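Okay, structure first, notes after.
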Amino acid sequence: MLTDILKKIFGSQNERILKRIAPLVDEINSYEPVMRKLSDAALKAKTPEFKQRIANGEPLDDLLPEAFAVAREGAVRTLGMRPFDVQMIGGIVLHEGMIAEMKTGEGKTLVAVMPIYLNALTGRGVHLVTVNDYLARRDSEWMGQVYKFLGLSVGCIVHGLDDPERKEAYGADVTYGTNNEYGFDYLRDNMKFRIEDMVQRELNYAIVDEVDSILIDEARTPLIISGPAEKSTALYYNINRIIPQLKPETHYTKEEKSRTVALTEDGVTRTEKLLGVDNLYDPRQIDILHHVQQALRAHVLFKRDVDYIVKDGKVIIVDEFTGRLMPGRRYSEGLHQALEAKENVHIENENQTLASITFQNYFRMFDKLAGMTGTAETEAAEFAKIYKLEVVVIPTHRKMIREDYADCIYRTEAEKFRAVAEEIKEAYAVKRPVLVGTVNIAKSEKLSGILKRQGVPHQVLNAKHHEKEAEIVALAGQPGAVTISTNMAGRGTDIVLGPGVVDVGGLHIIGTERHEARRIDNQLRGRSGRQGDPGSSRFYLSLEDDLMRIFAADRLSGLMQRIGMKEDEPIEHRLITKAIENAQSKVEAQNFSIRKQLLEYDDVMNQQREVIYRQRREALQGENLKPVVLDMIEDLLEGILAETADEKHYAEDWDLEKINSEVLRLFGLQMNLTVESLGDIEYEEFRDSLLERLTKRYEAREQEFGESMMRELESYLLLQTVDTYWKDHLLNMDHLKEGIGLRGYGQQDPLIAYKREGHALFDEMIERIKEETIRLLFHIQIQREEQLDELRKEQEDQPMFFGPAEGAGQKPQTRKDRKVGRNDPCPCGSGKKYKKCCGK
């Protein structure tokens with residue numbers, strides 16, 4: 001009530017932003033006659049002039065009106081397209097680091113040109129992020145004409161480019177590419193062994209196209225680079241063989257909401273008998289139990305042609321949001337191998353995580369982030385909370401006149417599809433184009449089969465036919481066109497109405513199921529009614545749809561019985577519509593909670609990732625690691641003495657045997673210390689003499705290898721050790737996260753426990769990195785300098801896989817190594833105490 005009163009007095013936040021921007025648009029328009037009179041050469045000369053003004057300290061905001069006017073004139077001269085005033089508003093919103101919500105067909109691609117041009121003038125680079133390679137390539141070529149005309153360089157990052165090509169594309173003023181390519185390049189860069197091999201530059205400014213799809217839908221799946229872990233494939237086949245002999249409810253229970261399957265007590269007994277194992281919960285068999293559960297998930301929860309397809313003898317994941325295939329992406333924790341065993345195709349080795357990051361944390365690293373989409377308002381709270389991004393709804397250029405009809409609800413899926421086919425036939429009879437949205441490949445092919453039998457010509461657009469995606473979508477507005485599309489495949493391609501289509505009512509949209517998120521339903525509707533065109537939309541639902549069955553079944557079944565539904569008879573009832581909306585709100589809240597939790601846990605990893613990547617980069621950039629190595633030697637000696645000697649006592653009380661063995665193990669130095677040889681030496685003198693001998697040993701190694709080779713060796717060994725232990729640490733953190741939820745039963749906050757124990761694991765890893773680097777440095781035998789290059793090449797050429805494949809493999813062995821003390825020098829070599837540096 002109060003909110004409504006305040007809105008009437010002050011206007012909504014959205015209205016206030018638009019009111020503030022309006023004078024800027026007038027100022028841009030005032031430059032238009034001036035720009036129009038300029039010759040091509042004079043217009044192009046504006047770019048170096050702007051760059052000079054920026055170098056002289058003029059802020060971008062002061063340049064905005066004139067720069068936007070130049071970019072607009074550039075678009076007119078190269079593309080023959082003049083951005084409307086509402087597109088200028090969208091451009092200003094993007095420049096200010098907000099999300100511009102613009103309806104389908106309002107020209108989002110062109111909107112980005114103005115803020116990209118302005119921000120690229122700084123020379124620090126601008127990233128435009130799209131959902132697929134096709135759009136990245138298309139937009140970089142199409143809009144690239146404007147930038148090139150105005151004297152800026154354009155790069156495009158797509159799958160299949162080699163490193164030099166990627167580096168060149170990232171070095172351009174404007175870079176187009178997909179979220180996956182950007183994220184994986186960031187991870188790959190932080191696995192490189194030479195600074196000059198890195199391809200990305202600083203993360204300055206990014207505009208994310210289809211921002212809801214990238215920052216919300218895909219945020220639940222972290223980007224992961226993994227490498228092969230040793231495991232026998234026979235295990236997967238053996239376990240797969242027994243799964244059909246387990247019965248639902250008797251031997252296992254499933255929870256579709258959380259996508260989990262659990263063995264019952266009878267199930268455990270039956271599995272032990274079938275596999276010939278005494279006790280599945282024996283620590284030595286825990287690995288088998290894990291793989292039984294993954295095989296159950298593969299058989300019970302993952303459906304062929306819905307979650308994955310089998311193509312050319314490979315199991316390929318289908319993106320649940322876009323319906324596109326994701327070749328090269330693999331499920332983690334042995335699930336992908338379980339699916340391969342289920343489908344009886346070749347099992348590829350299990351993978352272990354080498355590097356991982358979430359989209360949330362990758363995009364939050366940009367100095368400035370903005371986005372655009374047709375549907376963001378329903379998720380405005382999430383954008384504000386996680387990314388600190390405000391959503392601004394941009395007015396349409398022409399009034400929207402599409403008609404959205406009420407949902408039609410049927411009892412069964414078969415009845416629903418019959419009704420959908422009937423409506424398609426009616427539209428086809430009058431040559432009215434229809435776009436039908438389905439939730440997965442299986443449903444689109446089922447509907448396609450019905451239409452074939454009824455003699456209705458149509459096109460199917462799903463992950464199996466993605467090559468023709470843009471072409472099929474572009475023709476979806478032609479007279480009599482019938483297009484069946486999974487989810488939001490084809491986003492970014494305009495559906496232009498063909499001749500005579502306006503007269504028969506424009507493009508008609510049919511949704512065959514409600515999506516988990518209202519936003520996705522709105523995206524489907526938004527394909528019709530672009531730029532004031534006529535159009536309509538209707539959703540057909542059944543009580544057998546996943547959303548209804550899982551989230552609204554209890555309320556709806558009783559309601560339906562009271563209403564009394566008959567076969568092939570639809571029902572429209574406000575209570576049912578309300579129940580559906582409640583179900584969608586429930587799922588949206590659940591998904592937001594999952595994403596928020598993922599981020600909270602990844603934030604712990606993110607702090608550790610930043611420390612490791614920063615140290616790696618310093619090691620790559622550092623001309624001389626000698627001071628760092630000498631500090632490590634001193635730290636390790638302090639660690640040995642802390643456990644074996646006491647400054648208050650004399651040699652007869654010290655553990656000289658352990659000092660001898662540890663110095664030999666780590667530094668390769670035979671000490672042969674005895675109580676007799678040490679006499680009455682005091683602790684300080686003893687420590688200093690030991691350090692002096694170790695320093696001399698180090699200098700002898702340096703003389704043996706030569707100064708230049710020693711520096712190379714130090715850099716290589718530190719990087720190689722960091723990578724090895726970071727990989728193991730990721731695996732440890734994965735296993736910690738898996739079991740941490742159970743702490744809730746012990747009245748512990750799982751997140752706090754994860755932070756505390758994750759930090760302890762990180763401390764332990766840092767100590768092990770120091771130990772291993774020094775041990776290798778004092779023991780390694782290098783005959784010639786080329787050996788180092790060969791070792792480095794071998795390390796760089798390790799096989800990698802990209803996708804949702806978090807670490808798997810054997811549980812790590814726990815070690816009782818000494819942890820880095822809070823007051824110890826920081827292992828990164830900064831010279832500060834650990835608690836003041838990496839241990840913060």
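From the backbone N, Cα and C atoms, a Cβ is placed for every residue, glycine too.
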Can you tell which of Asp494, Asp503, Asp521 Swiss-Prot lists as binding ATP with Gln87, Gly105, Glu106, Gly107, Lys108, Thr109? Asp494
Other residues, Cβ within 8 Å of Gln87, Gly105, Glu106, Gly107, Lys108, Thr109, Asp494 Cβ centroid (ATP site): Met102, Thr104, Leu110, Val111
For Asp494 (ATP binding site): intrachain residues, at least 6 apart, with Cβ closer than 8 Å: Gly105, Ala474, Arg530
Whole-number Å value of the largest CA-CA distance among Gln87, Gly105, Glu106, Gly107, Lys108, Thr109, Asp494, listed as ATP-binding: 17
Same-chain residues at least 6 apart in sequence with Cβ under 8 Å of the Cβ of Lys108 (ATP binding site), in sequence order, are Gly90, Ala100, Met102, Asp209, Met372, Thr373, Gly374
Report, as a single number, how many Cβ atoms besides its own are within 10 Å of the Cβ of Gly105 (ATP binding site). 22
Reading the DSSP string in three states, the entry for Gly105 (ATP binding site) is coil
